[in-house]
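The active site, nucleophile annotation in TrEMBL covers Cys272. The feature NAD(+) binding site is assigned by TrEMBL to 8-13, Asp33, Arg38, 86-90, 127-128, Glu161, 272-275, Arg342. Residues or ranges marked as domain 'UDP-glucose/GDP-mannose dehydrogenase C-terminal' by TrEMBL: 328-452.
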Amino acid sequence: MVKICCIGAGYVGGPTMSVIALKCPSIEVAVVDISISRINAWNSDQLPIYEPGLDAVVKECRGRNLFFSTDVEKHVQEADIVFVSVNTPTKTRGLGAGKAADLTYWESAARMIADVSKSDKIVVEKSTVPVKTAEAIEKILTHNSKGIKYQILSNPEFLAEGTAIQDLFNPDRVLIGGRETPEGQKAVQALKNVYAHWVPEERILTTNLWSAELSKLAANAFLAQRISSVNAMSALCEATGADVTQVSYAVGKDSRIGPKFLNTSVGFGGSCFQKDILNLVYICECNGLPEVAEYWKQVIKINDYQKSRFVNRVVSSMFNTVSNKKIAVLGFAFKKDTGDTRETPAIDVCKGLLGDKAKLSIYDPQVTEDQIQRDLTMNKFDWDHPLHLQPMSPTTVKQVSVVWDAYEAVKGAHGLCILTEWDEFKTLDYARIYDNMQKPAFVFDGRNIVEVEKLREIGFIVYSIGKPLDAWLKGMPSVA
């Protein structure tokens, strides 16, 4: 029986291994992590992450051929294939601070594999890592090998949160990169055989190690670039009276461009886009390619600009001050159908409003008060370290209350900001909301999900990104 072990029970490791266990009943899969609370959650009815369809998969396989354990060394020692899916945060100090990936957790995982292994292993990079990481890992393993042979493969994940299980069941492609040696190709084939249980052969792509590592960074950079492109257009649309929805629809009808990832918003978030682009920028700089680095930096600059533009629009619309005004925030996760708040634009928007002394009342159907308070007090990039190594938030933000109902959030508010496109926000009773708000009542739609004209008929002053401006907003001070 083939045994697989995955180090790291997070957003990637947990769902990926659960689906492998479901689709390959003859393979024993163990997911290991040093966080006891996280493993306990995976073994309970309340899984540590929310992902549609994940519950059913875990319940079917857990205890049969899927195991969650804190006994890291035992399972690594027994495994034929070891996936490494640990945090690769952006460095905050030292060489490459603010851009380069911090490979501390990766290196300690590699050293531990070398320490405990008693048989040959295939080691698979599952976390997003900078190009040439495999080479570093290879060196650590071979210098500590005690005669044991290791093959390193790169098998980047291309999951989108909110649809991860569907993406795993029916992937666009599975990418496996390995050494172009007979041993390397044998290892590639072994991993290919695992995925071939349910993925058609033509969708399993094999490349060299560096191509696989770089393809992941490139894919995320291209996707983020599309979002920044349409967000840049949204600012121009507001200035000229064009409607960004109509523009992006017309653009997306071109079959060479296609309609996906052309929705304007308050900005992209999630654990990968910004981190991967910063990584790409750093790699370009290290390889003497400053023009290429500068090009990709712009994608992040536009994203930051879009968030600050939104905050400025809120403040300038409300008589240039939100001091002591209650503002309701609907949605905190970086997108719908996930509880993930990593790099969510809501953090910067909320911090911007708090900086102007606003009082915030926040509602998100999947994000806890504890998580929101942590996000608003944490330093940049701290979120990407394992939970027990994150600084404990010493204070809570006093001007923030977190509520469990949208109507509660808007009671007595001057303005309402929609920051996540949860379906339930489309069907709220906005007439009821209007009656409960201070007048004039403002709606700032950061996801373009409300019907602007209907809300204006109710009496709201509405700002929707990239749409022709409300007459009220035109007379307000120009946005910085």
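Placement of Cβ uses the backbone N, Cα and C atoms for every residue, glycine included.
Cβ neighbour count for Glu161 (NAD(+) binding site) (all protein chains, 10 Å cutoff from its Cβ): 24. When pLDDT is averaged over the domain 'UDP-glucose/GDP-mannose dehydrogenase C-terminal' (328-452), the result is 91. In this structure the C-alpha atoms belonging to Thr90 (NAD(+) binding site) and the residue listed as 'active site, nucleophile' are separated by 11 Å.
In the structure shown, across all protein chains, Gln274 is the one of the binding-site residues Asn87, Thr90, Gln274 with the greatest number of other Cβ atoms within 10 Å. Taking only the Cα positions, the spacing between Cys272 (active site, nucleophile) and Asp33 (NAD(+) binding site) is 21 angstrom. The residues of the domain 'UDP-glucose/GDP-mannose dehydrogenase C-terminal' (328-452), classed with DSSP into helix (H, G, I), strand (E, B) and coil, number 43 helix, 19 strand, 63 coil. Annotation for Asp33 (NAD(+) binding site): spatial neighbours Ile7, Gly8, Ala9, Gly10, Gly13, Ile39, Phe68, Thr70, Val72, criterion Cβ-Cβ under 8 Å with sequence separation of six or more.
Taking Cβ-Cβ distances under 8 Å and a sequence gap of 6 or more within the same chain, the neighbours of Tyr11 (NAD(+) binding site) are Ile49, Leu159, Glu161, Ala164, Ser271, Asp340. Within 10 Å of the C-beta of Gly8 (NAD(+) binding site) there are 27 other C-beta atoms, taking all protein chains into account. Of all Cβ atoms in the protein chains displayed, 26 besides its own lie within 10 Å of the Cβ of Cys272 (active site, nucleophile).
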